[in-house]
Amino acid sequence: LPLLLEATLIRLASGSHHPFYNGFYYNRIMNDKHSGQEKVVYFNGAKLVVETPKDPVYSSNGANVTLPCRYHYEPDVEGKHKIRIKWSKLRDDYTKEQDVLVAIGKTYVAFGDFRGRAHIHQAGRREASLIVSDVRLQDDGKYRCEVIDGLEDESNVVDLRLQGIVFPYQPPRGQYSLNFHEAERVCQEQGAILATFHQLFQAWSEGLDWCNAGWLADGTVQYPIRVPRKPCGGVHLAPGIRSYGLRHQHLHRFDAFCFSSALRGEVFFLDHPAGMTLEEAKQSCQDAGAEIARVGHLYSAWRFLGLDRCDAGWLADGSVRYPITKPRANCGPPEPGVRSFGFPSKGRFGVFCYKER
């Protein structure tokens, strides 16, 4: 029986159907007034309703999160079939990106990156909520909760958003040198992922102003402008997100907008009276039981842990940066931020290290 249920769940996951309605599931007949309007007659005499929160659910990297989903009938009746529940992750256009989990009763199968991390919340009657443990950066996005009772099939959507920070990134070889796939890779190397549009928009609304265009996760190239100016689209355009639209993922080259969330560890600074080369800095972090921090680690520590250090330090990509939460004399511009010295080929500096908890 368990093997049969699992096979049924896998077939259910692979099926395709419309997101909110499939005409096969309902008898549609003309009403008695012959007005030309149709009405729906449900097979069990009641409408299946799936409820999810209208507002986004917020979480962070490494946390556990519950995506609420409940169902009921109007009018209230007892379902005659064993309820099947299916969760899918969606693209921004609401088409399916990947299967997350399917369940019949207490038997369920999770798929892909969600295997071992996702299960149904069995807290009460008519509960279909999804619990995701050890949340990852890639989990950010929209999820469809679908409930199937015999021939009735209804669904609704939950928006999961990770609390994080977007930062622009250029590699050592300079501006506009990354195709899409290279941009994906360099963000991952910095403890981050390519940002989505809504993550960039949120960063813009919080003050991000950056004149260089960068790749986003959907393959578009965009950049956020708070203060319109001539080199950034012109002085007569309103503030907003400037877009180059979709670009060729192999041929076209831009910078990248990366997204990082809360840390699973801590960032700390090490120094030496004479400073350190990059190789000496890496060794110093290893001697301290840590690794040299990545750019995403430093941005996250600045944003979420209030890291404030006026001393420049090496990072894993060979850049030298320092985080300022309380601007002051001799520590750069009057606004908070992560300052950069670029990628010096020579010089001796301190180092920012990262250690997992």
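FYI, residue positions are counted from 1 along the chain as it appears here.
Keep in mind that glycine also has a Cβ here, set from the backbone N, Cα and C atoms.
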Cys310: disulphide-bonded cysteine as recorded in TrEMBL, out of Cys285, Cys331: Cys331
Stretch-averaged pLDDT - the domain 'Link' (165-260): 96
Largest tally of Cβ atoms lying within 10 Å of a Cβ, found at which of the disulfide-bonded residues Cys232, Cys331: Cys232
Listed in sequence order, residues with CB under 8 A of Cys310 (disulfide bond) and six or more positions away: Tyr322, Ile324, Arg328, Asn330, Cys331
Spatial neighbours, same chain, of Cys211 (disulfide bond) - Cβ under 8 Å, 6+ residues apart: Tyr223, Ile225, Arg229, Pro231, Cys232
